[in-house]
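Q: Okay, here's the structure, questions in a sec.
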Amino acid sequence: MLALRVLLKGKILIGGRVREREVLAEDGWIVKIGKRLNEEADLTLELGKRELAVPAPIDLHVHCRDPHPDYPFGFKTETRRFLLGGVATVVDMPNTRPAPTTPETYYEKEELARENAEIEVIVAGGVRDSQCTKELVEAGAYVLGEVFLATSTDAPAVPWSTLPEIFRELSPDGPLTIFHPELDELVAERPARNLYEHLKNRPPEAETTAVGLLAGLKVRYPSRIHLSHVTLPESVKIAKGADITVDVTPHHLFFDVLRVDPEDPVFKVNPPLRGRHHRLGLLRAVRRGDVDVLASDHAPHILEDEFEDVPSGVTGGEIILPAALTLHRRFGLSLRDAVAMITCRPAKLLGRDDLGEVAVGKRARITVVRMREFVVRAEEFGEEDRKFPYDGMRMFGEPVKLIDGTKVYDLKESRREGKPVILEGE
């Protein structure tokens, strides 16, 4: 049953500050906010003492693998997992088969997402060359990329020599274009038997050189480009100097090659986990406010035994909200900035002024979290047999409810049942 009028009462993060308020949503939009509204509703949620309502997260970088003939995953399976973690909006990357590199394949993928996704999926158009970039811009794609500058899983590299022509099709008021900043010429294609060998194959200079070259192109061709999953504080510094936005992943902030078993294939990912000093430098950049967004780079793979045989990529879109709140609780990031990294900042980059805040006139997408530590369990998200590095990890801020328009989900019950459980209105 749809709850056309939802009334939320309790502690709510509004404008970056925690306030005792009531929020009324009607037909999927926030229509009133006040200390006491005296309004009737189809469903009223009164928050508990340790519960806090925040804008529902936006994950700027996921791979749902749909369409793709070789994966048993897709929009249905992956967006259900995101929903179980309280996420309401994701941007899906284009390394699929077929890739959305023409208006036709782009529209087909959008339709596939509309038919199967449990939450909103923003489809990113695939960049192959300047012609397809031009066609996708004309077709209305407002996100392009991830543009791979080095070969990765299911993603051939876009030759560096073609980038100036691609940049000519971009503009300061054009689509957000997301880049994977590793340079193919500096990446080795040798087999790797452990994380150390994988790291050696994809060294830091492959990233910093790519970032520097992209910064030069940005100066020459003004555009809205964004660097995803950067792993080095030097990369952040170069990007900031060129007014380029960046995101980092939870796995690059929480793990390094010294904190995990180097032969564990779960942690094989591109770009690779770095050393401890790189990870701590990246955390310092986050605390300084130099990193714009926290994004998961959710990339599902079935877990295999042999390190060499395992594709690169990990899942984690389900825990993007607890990851942000853990940065607040344990690493000194303010609550305002921690939540902004997964809400209003990605919304601004996407040009979506209907998302990212609890405010009148915004979409009613709000997640309720219990502000306490909890243990992440892979089985609660259907991640038992996949590359999920967060199993057993203690995090802060357990998602317990999700308001997504006219639907209100009980997330704890949903995780228990393994499917969305909608709260009934009166």
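Glycine residues also receive a Cβ, built from the backbone N, Cα and C atoms like all the rest.
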Q: Record says His63, Cys64, Arg65, His301 bind substrate. Source is Swiss-Prot. Which of Asn95, Asn270 does it list for that same site?
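A: Answer per Swiss-Prot: Asn95.
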Q: For the Zn(2+) 2 site that Swiss-Prot assigns to Glu146, His229, which of the candidates His180, His277, His278 is also assigned?
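A: As annotated by Swiss-Prot, Glu146, His229 share the Zn(2+) 2 site with His180, chosen from His180, His277, His278.
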Q: Which one, Asp290, Asp292, Asp297, is listed by Swiss-Prot in the same Zn(2+) 1 site as His61, His63, Glu146?
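A: For Zn(2+) 1, Swiss-Prot names His61, His63, Glu146; of Asp290, Asp292, Asp297, the listed one is Asp297.
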Q: Taking the centroid of the Cβ atoms of Glu146, His180, His229 (Zn(2+) 2 site), which other same-chain residues have Cβ within 8 Å of it?
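A: Checked against the 8 Å cutoff, the neighbours are His61, Met93, Gly145, Phe148, Ser152, Ile178, Phe179, Pro181, Leu227, Ser228, Asp297.
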Q: Tell me the Cα distance separating Arg65 (substrate binding site) from Asp297 (Zn(2+) 1 binding site), rounded to the nearest angstrom.
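A: Just about 12 Å between their Cα atoms.
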Q: Neighbour count first, Cβ atoms within 10 Å, every protein chain included; then name which of His180, His301 tops the list of binding-site residues.
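A: Highest number of other Cβ atoms within 10 Å: His180.
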Q: Given the binding-site residues Asn95, His180, His229, His301, which lie within 10 A of His61 (Zn(2+) 1 binding site) by CA-CA distance?
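A: Taking Asn95, His180, His229, His301 one by one, the ones whose Cα falls within 10 Å of His61 (Zn(2+) 1 binding site) are His229.
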Q: Do you know offhand how many angstrom separate His229 (Zn(2+) 2 binding site) and His63 (Zn(2+) 1 binding site) by C-alpha?
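A: Cα to Cα, His229 (Zn(2+) 2 binding site) and His63 (Zn(2+) 1 binding site) are separated by 13 Å.
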